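Per Swiss-Prot, the features are as follows:
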type     : residues                     : note
BINDING  : Q190, Y218, N223, E239, D299 : S-adenosyl-L-methionine binding site
ACT_SITE : C324                         : active site, nucleophile
ACT_SITE : E358                         : active site, proton acceptor
Amino acid sequence: MTPEHLPTEQYEAQLAEKVVRLQSMMAPFSNLVPEVFRSPVSHYRMRAEFRIWHDGDDLYHIIFDQQTKSRIRVDSFPAASELINQLMSAMIAGVRNNPVLRHKLFQIDYLTTLSNQAVVSLLYHKKLNDEWRQQAEALRDALRAQNLNVHLIGRATKTKIELDQDYIDERLPVAGKEMIYRQVENSFTQPNAAMNIQMLEWALDVTKGSKGDLLELYCGNGNFSLALARNFDRVLATEIAKPSVAAAQYNIAANHIDNVQIIRMAAEEFTQAMNGVREFHRLQGIDLKSYQCETIFVDPPRSGLDSETEKMVQAYPRILYISCNPETLCKNLETLSQTHKVERLALFDQFPYTHHMECGVLLTAK
């Protein structure tokens, strides 16, 4: 695979290999055949980051080869959304002959939605001033004249200039209901929107008929919490990053959801609060003991769950675990399988043509 060519004819073969690999990894814990969710074969990534290479009068996007570290020129990127591809050529055309926008530009980040909105961040090794803002506004207006719904941001050391806003609003059809998700520049969002829809619908399916409340750790912008709210009496969710918490609060209001409570704290702190080890000022007004959480949802970072959180989640009758790293999932399952068994297993092809796998398991108490 090269950045400008996807081996789409090999899509089914690479997916089949992942299914075999996941089944093999899960064999000590389950003999289930994974439910498999396919990605679009191209234009599936909603965000992308490129370094910018200056070559005489020319400049262009590059990425670095992971093995050789050599730079690769990228003029089109079929893994990314069609809007990102349109913007890549439009941004280079708009910056190439503009000394103010071009000077010391070293990276461009793109974030897009299925609803055809974009935030583009230009990163610089220089101070940004009013002249930069004026030139950036002219570029933004020229892009919008081409029917590109785009917001521009300038970044430099300790500097961030938003011309309008630093977010876009995604609209996803999830099990017959449109969900609105605010996505903030430089915060985590699901990279493959089509796959995100399938993940949300799978999570809804496996929690159908749930009793009681849901607890979610690492909720981000509320991606799963808000979609799953319809299956539970109440949802209590934790998140540590301030921009994600703010986006989650916006999303609760935008989706007219009244049974989700977001609290800003780390999973480790929440474990201490639940166990009565510590009291936290930011939990004032929230009666943790009033929640009857029968299900816990975790979507941890690549490192998986730490040992304290492992112990904590074992206290819940049902554990819904979305993993971006099956190796750490299996490590966690060595502990979790002592008290719980795997009821459902899914493979989500979030990153086609790569080694990476995303998967989901539903565990129920033995």
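From the backbone N, Cα and C atoms, a Cβ is placed for every residue, glycine too.
Apart from the site residues Q190, Y218, N223, E239, D299, the chain places the Cβ of F188, E216, C219, G220, N221, G222, F224, S244 no farther than 8 Å from the centroid of the site's Cβ atoms, the recorded S-adenosyl-L-methionine location. Highest Cβ count within 10 Å among the recorded positions E239, D299, E358: E239.
Cβ neighbours within 10 Å of N223 (S-adenosyl-L-methionine binding site), excluding its own Cβ and spanning all shown chains: 28. Q190 (S-adenosyl-L-methionine binding site) has a Cβ environment of 24 other Cβ atoms inside 10 Å. Considering only the binding-site residues Q190, Y218, N223, E239, D299, the residue whose Cα is spatially closest to the Cα of the residue listed as 'active site, nucleophile' is D299. Across the annotated binding residues for S-adenosyl-L-methionine (Q190, Y218, N223, E239, D299), the two most widely spaced Cα atoms sit 16 Å apart. In the structure shown, across all protein chains, Y218 is the one of the recorded positions Y218, C324 with the greatest number of other Cβ atoms within 10 Å. A separation of roughly 16 Å, to the nearest angstrom, links the Cα atoms of N223 (S-adenosyl-L-methionine binding site) and E358 (active site, proton acceptor). N223 (S-adenosyl-L-methionine binding site) falls within a helix when secondary structure is assigned with DSSP. Rounded to a whole number, the C-alpha distance linking E239 (S-adenosyl-L-methionine binding site) with the residue listed as 'active site, proton acceptor' is 21 angstrom. Rounded to a whole number, the C-alpha distance linking Y218 (S-adenosyl-L-methionine binding site) with E358 (active site, proton acceptor) is 16 angstrom. Look at E239 (S-adenosyl-L-methionine binding site): DSSP puts it in a strand. You'll find the Cα of E358 (active site, proton acceptor) roughly 11 Å from the Cα of Q190 (S-adenosyl-L-methionine binding site).
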